[in-house]
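Only one structure is covered here, and it is reproduced in the block below.
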Amino acid sequence: MQFLDFLIALLPALFWGSVVLINVFVGGGPYNQIRGTTLGALIVGLGLLITGFAKFNNPTVIIVGLISGALWAFGQANQLKSISLIGVSNTMPVSTGMQLVGTTLFSVIFLGEWSSMTQIIFGLIAMILLVTGVALTSLKAKNERQSDNPEFKKAMGILIVSTVGYVGFVVLGDIFGVGGTDALFFQSVGMAIGGFILSMNHKTSLKSTALNLLPGVIWGIGNLFMFYSQPKVGVATSFSLSQLLVIVSTLGGIFILGERKDRRQMTGIWVGIIIIVIAAIILGNLK
């Protein structure tokens with residue numbers, strides 16, 4: 001593995017972790033954000049179409065791409081709703097942990113990914129680490145009873161719903177063996193359709209939607225870097241490195257967006273995201 005390949009493999013985490021930061025920075029609310037983000041992803045998809053990466057000779061790729069893209073839009077829209085309630089730094093560690101748990105459980109139960117005792121043992125350790133890491137990143141502030149906070153409770157429910165969309169996006173491709181640049185155009189079309197449907201009954205503005213195009217473009221470029229890095233550094237390594245997005249988004253929420261945390265919460269966040277990343281590395285190497 002060359003050092004340059006390793007640096008490129010880090011870029012998906014940087015790009016994907018920046019998506020929600022830019023969404024919140026430019027504002028507009030979750031419905032403008034999801035419509036703009038999905039249209040931005042479609043711009044990248046159209047670029048792939050123009051350059052000949054989109055193939056129309058495989059109906060499975062087309063159908064799975066469209067459906068999985070719509071599922072991603074559903075997951076992202078609900079994640080943005082949670083962010084509007086409790087902020088980026090509270091949402092992203094929990095969302096990342098839920099996604100890892102959800103995709104892992106589905107893959108183990110329905111796809112039989114853990115076939116040896118060693119995989120089962122290390123997999124269970126990783127799951128325990130994930131739950132622990134998420135709990136640490138969600139520590140309440142001093143004199144704060146977070147469990148009695150109605151917005152926090154509502155956000156957790158929304159994140160569970162969001163996770164269903166994200167897990168569906170990932171596992172659908174695994175089930176049918178669909179992925180890579182061949183599927184990205186059709187996924188981006190599904191995302192744009194999903195984003196439009198999810199926002200069509202809500203007030204949106206052209207300006208706010210346009211400002212939120214950038215996060216979608218960044219998401220799509222992050223995918224391209226992921227596809228490039230997988231054959232260079234391996235699927236397990238590229239997957240593990242991509243989960244560093246939780247560090248980018250969580251710390252970006254605190255230091256860039258100014259979400260306030262006390263010393264106890266900051267300690268929990270630092271330790272929690274390290275534990276989540278360790279768990280992601282373990283899970284990545286079990287694939």
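Each residue, glycine too, has its Cβ placed from N, Cα and C.
Annotated transmembrane segment per Swiss-Prot: 7-29, 34-56, 58-75, 114-136, 156-178, 183-202, 209-228, 233-255, 267-286, in sequence order, evidence recorded as sequence analysis.
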Would the transmembrane segment (34-56) count as touching the transmembrane segment (209-228), if touching means at least three Cβ pairs under 8 Å and pairs must be 6 or more apart in sequence? yes
Dominant neighbour of the transmembrane segment (183-202) in 7-29, 114-136, 209-228, 233-255, by Cβ pairs under 8 Å: 209-228
Same chain only, please: residues at least 6 beyond the ends of the transmembrane segment (58-75) with a C-beta under 8 Å from a C-beta of the stretch. Say none if there are none. 34, 38, 162-169, 172-173, 176, 178, 182-195, 197-198
Are there three or more C-beta pairs under 8 angstroms joining the transmembrane segment (114-136) and the transmembrane segment (209-228), sequence spacing 6 or more? no
Spatial neighbours of the transmembrane segment (114-136) far in sequence, C-beta under 8 Å, 6+ residues away: 93-94, 97-98, 100-101, 104, 108, 268-269, 271-276, 278-280, 282-283, 286
